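Colleague: Have a look at this one before I ask anything.
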């Protein structure tokens, strides 16, 4: 609208030029020369070290280019096989599934509310911006090291996704040798890899880094309970509670919490030892009937405290009793069969909650509070309760800080790794295009004398690489959204 106005067009374009702005549909770009001096200082710092640094980056970039093609090929074959067979994901295919998700989120970043939680948008966009800036800083510093003129640095926003870029003098780039070009073109991929590794090291050493302020290995600290969570209630979990056990599974960290819940969901429901006298005293007379899924219910009074339990007598007959859950479980030990309860001289039975398929009764210990008894699918408990392995040493310390650092490091690892993998692919408009062209010039100039023939070889490879990447991203997005 402003550019179509005769009276405002000139002043509007002057204003954009003054502030280094460029505006087009769905795209805003800002470029500045203010940081040029700093870039030149970095590019001239310890020349020998930078030469070695970017030479290692060049080797890494070339290896990554070939490795990305192999990885994309395997990922595509695995995805197509899964689509055609509709088979569940195998345990040994998880790495390829992670790559599919990284590729689809790396190129199209994420769809809020679909494959990206809205609550984590800040982490997501911050990690994208930092990964992009580090990527472009690598190109810029490498270019200055190779005596290429540096015109400026900029940041852009495409739709809602941020990024960065550097403006280099194209003529200088074309005059330097292919090996020098490779150092520049591989620098972005190399810096993204280094950033991902550094983030992984920080994540790995976080307990030691935060040791003066937080301690670990004592349980999983509750940091948030969703309003619609089954664990929300007067006898449920609260922010600041420390979970130490799920059933008979000890919990020392968030990883233990997740593995215990997974183990509970995969195994059959555990039972609880109860003496014959107590069983007779607590049981309520009730009618036994079968649910639609074939399981048995014997509590017909709609009580929130009573649960139907099944057990076997000495004649191996299956019997059922409606019992108050808390009284049965609190003073009992876990069992699988009646034999587990025969250590005492008092006759006892192993009573097991008779629940719907996939539903479990889980005893959650979070001392000094009374134990929580959860009835439902274990994964519902996992998805609606947020926890941390870090417990503050002082009350004034935030329980969210370690979670923020952990989450941000994971996003940096994922998105910076995605940029490294994707940009290394020999594909049009990506770093892989320029890496491939320079690599072919450096290796095939003596074998294929004519430049046009080398360019044709490069074009065919780029065409195949672009098709391979597009197929992976399309199928990856389909898997993330459609499923």
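Glycine is no exception: its Cβ is also placed from the backbone N, Cα and C atoms.
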Colleague: Given 22-39, 76-93, 94-111, 220-237, which one carries TrEMBL's transmembrane segment label?
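Modeller: Comparing 22-39, 76-93, 94-111, 220-237 with TrEMBL, transmembrane segment matches 94-111.
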Colleague: Under a Cβ pair cut-off of under 8 Å, which of the recorded stretches 50-73, 150-169, 189-211, 411-436, 456-480 contacts the transmembrane segment (123-143) most often?
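Modeller: Looking at each of 50-73, 150-169, 189-211, 411-436, 456-480 in turn, the most contacts to the transmembrane segment (123-143) are made by 150-169.
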Colleague: Under 8 Å, at least 3 Cβ pairs, sequence separation 6 or more: does that hold for the transmembrane segment (189-211) versus the transmembrane segment (50-73)?
Modeller: yes
Colleague: Checking distant contacts: for the transmembrane segment (150-169), what same-chain residues at least six beyond its ends satisfy Cβ-Cβ under 8 A?
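Modeller: Residues 20, 26-33, 35-36, 39-40, 43, 109, 125, 128-129, 132-133, 135-137, 139-140, 143-144, 184.
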Colleague: Report, as numbers and ranges, every residue of the chain located at least six residues beyond the transmembrane segment (50-73) whose Cβ falls under 8 Å of a Cβ in that stretch; write 'none' if there are none.
Modeller: 43, 99, 103, 138, 141-142, 145, 179, 182-187, 189-191, 193, 420-422, 424-426, 431-432, 435-436, 439, 465, 468-469, 472
